Amino acid sequence: MSGFDDPGIFYSDSFGGDPGAEEGQARKSQLQRRFKEFLRQYRVGTDRTGFTFKYRDELKRHYNLGEYWIEVEMEDLASFDEELADHLHKQPAEHLQLLEEAAKEVADEVTRPRPAGDELLQDIQVMLKSDASPSSIRILKSDMMSHLVKIPGIIISASAVRAKATRISIQCRSCHNTLTNIAMRPGLEGYALPRKCNMDQAGRPKCPLDPYFIMPDKCKCVDFQTLKLQELPDAVPHGEMPRHMQLYCDRYLCDKVVPGNRVTIMGIYSIKKFGLNPSKGRDRVGVGIRSSYIRVLGIQVDTDGSGRSFAGSVSPQEEEEFRRLAALPNIYELISKSISPSIFGGMDMKKAIACLLFGGSRKRLPDGLTRRGDINLLMLGDPGTAKSQLLKFVEKCSPIGVYTSGKGSSAAGLTASVIRDPSSRNFIMEGGAMVLADGGVVCIDEFDKMREDDRVAIHEAMEQQTISIAKAGITTTLNSRCSVLAAANSVFGRWDETKGEDNIDFMPTILSRFDMIFIVKDEHNEERDMMLAKHVMTLHVSALTQTQAVEGEIDLAKMKKFIAYCRARCGPRLSAEAAEKLKNRYIIMRSGARQHERDSDRRSSIPITVRQLEAIVRIAEALSKMKLQPFATEADVEEALRLFQVSTLDAALSGNLSGVEGFTTQEDQEMLSRIEKQLKRRFAIGSQVSEHSIVQDFTKQKYPEHAIRKVLQLMLRRGEIQHRMQRKVLYRLK
């Protein structure tokens, strides 16, 4: 985005030779007359329903509201005058100016008489819209220069709104000769000031070279903003970097989008000077080199964070097919089987992923707050259990999917970063993975390898579904309405049954934000191993010959469209019976009644927190959404409770999530408190002691070693003690 304000641009008028030539002027007048005719006479409706003059009425309404713009559809212009539409498509810069002049004249006619004090006619901005198929940034070549293009993409950064002169006045420093009302070309093109004063007369001292300066108070300006557009992730060929394009917006197109928005833009593919910086010691070579940008003439925001951008392209035949599919009694099992069918087993995990893809319903409360509808899922366990394969499949299957690995992801890369714009030297904001995945799924592999500081950055994005930024004078909030699917290994590589909760090295705050946590173990079972080996061999043998989906599975393309359709068209709520049932089960689980004891095989006071109750509601809504039903039934609640039972509760009851918010047994909690009290009595503030001797002393008192280490770990996290001398000695701070 550098060099757009470089003044060294020269241009010529493409309407014939001399700009003042009679032929060129006559042609301009004729085209302007035809544009005016279109705006005045284009009408919609039939003889039976009556006609309305679409653009004439719209101009009048907008002008009276103080909004000096109008949106013209290219299809309307083509149906009225095909030649005119062709001219506008091939030479948009020249013809748009005529269209805006025509719109100004029509506005003058339809708004007369205007009230006193408002006699001055305002300029009208014309925005363009088209139903034509969009192109890609990759196919923009030199033959499309100065043509009208339609490009989809994601806005990744936006500059502040600034002023650009449209008409300037200049004055000579020597003789004070003034030239007024000099028109500037729109876009990122500058203006080259005259080198000589045109008032040089005999007998007067000669004016020096470059005598003119701009008079800012006599210039007419408009707002403008520069944006950075990145091509859509699904349009990027495998292994290549996504391409970017600079956009120029002015007047009413400013501040229409924020980073993270998926948009389709109509604009003129233009060029600006390359802008090499001579101060860096490089010669200004490459006279003919120009960098490209798009002068935006219309913006359509494609999504509001629910994946609707894909649902709009569903044909009536596909809609009918999706309704038939949703009405099938076994649709839940069918979708679960279709999730990564090449992976053997793990049906409960696949069912949970199916719920994550469809998601619950986002709710806006009367006080203005929102409750998230997206489901977050964590898979913990042994290597070689196809966790990463499932993540890769979800990225391909989700209407909007972003895949990232924990080790290669920083806090700024996941949320948002503030960088300095090289051209204006101002700070601008660029959205990260969770902003770009707004309305979709973020898949984070190697979640355990992330630095703790980076992991903390996504806390807000996971629960509140916003990302708040306060950096370099920029204070704002971006949307990140996305699900998080994360995969992690245990601390010891493989899951160690004897270590219990020590297998997990996550803070309670992050674990409680996951609706479901699956412990995936590679268990040794001869019968299962035989079936797994047979499945893998079959895959390898038939990999080349099998190109179509197996019967009883939905193929990937149809599944992607079905998910987008369900997310866009259905927002189920709990039925009264289902809500009553869930309330009763919640009370039973909270009170540790007989049912809960039977499920856990031991008496345990593990409460299910409100956050987990909301998770069950979301899972039930997702199950209902698959069937396109407006209400979640008791059966949906039953299945949601079962999924929660086999994931998070099973992990909690086996002691694997001990220490997590709401997931520690009463006796364990009491033991941890006893160890901590004794430790603080024996370990004075300001003293230091060997960690090995502490563990040995407490082990002699029959305390389990993992409990002692857990207490030390908690005190380290709270900052009460710290390691010294290569982690051999502990020093007490408070």
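Every residue gets a Cβ built from N, Cα and C, even glycine.
Keep in mind that this is a model prediction, so the values were computed, not measured.
The feature ADP binding site is assigned by Swiss-Prot to Arg371, with similarity to another entry given as support. Secondary structure at Arg371 (ADP binding site), taken from DSSP and collapsed to helix, strand or coil, is strand. Using a 10 Å radius centred on the Cβ of Arg371 (ADP binding site) and all shown protein chains, the other Cβ atoms total 16.
The annotation domain 'MCM' is assigned in Swiss-Prot to 331-537.
As annotated by Swiss-Prot, N-acetylserine applies to Ser2.
Ser315 (phosphoserine) carries neither a helix nor a strand DSSP state and counts as coil. If you look up Swiss-Prot, you'll see Ser315 (among others) marked as phosphoserine, on the strength of similarity to another entry.
The N6-acetyllysine feature in Swiss-Prot is assigned to Lys392 (among others); the stated evidence is similarity to another entry. When other Cβ atoms within 10 Å of the Cβ of Lys392 (N6-acetyllysine) are tallied across all protein chains shown, the result is 16.
The N6-acetyllysine feature in Swiss-Prot is assigned to Lys396 (among others). DSSP classifies Lys396 (N6-acetyllysine) as helix under the three-state reduction.
The phosphoserine annotation in Swiss-Prot covers Ser605 (among others), and the record cites similarity to another entry as its basis.
Residues or ranges marked as motif 'Arginine finger' by Swiss-Prot: 512-515. Residues 375-378, 459, 462-463, 484, 486, 609, 611-612, 615, 618-619, 644, 648, 660-662 of the same chain lie 6+ residues outside the motif 'Arginine finger' (512-515) yet bring a C-beta within less than 8 angstroms of a C-beta in it.
The CA atom of Lys396 (N6-acetyllysine) is located 27 Å away from the CA atom of Arg371 (ADP binding site). In terms of local Cβ density within 10 Å, Lys396 ranks first among the modified residues Ser315, Lys396.
Helix, strand and coil residue tallies for the motif 'Arginine finger' (512-515), in that order: 0 helix, 0 strand, 4 coil [DSSP]. If you take the Cα of Ser315 (phosphoserine) and the Cα of Arg371 (ADP binding site), they are about 32 angstrom apart, rounded to a whole number.
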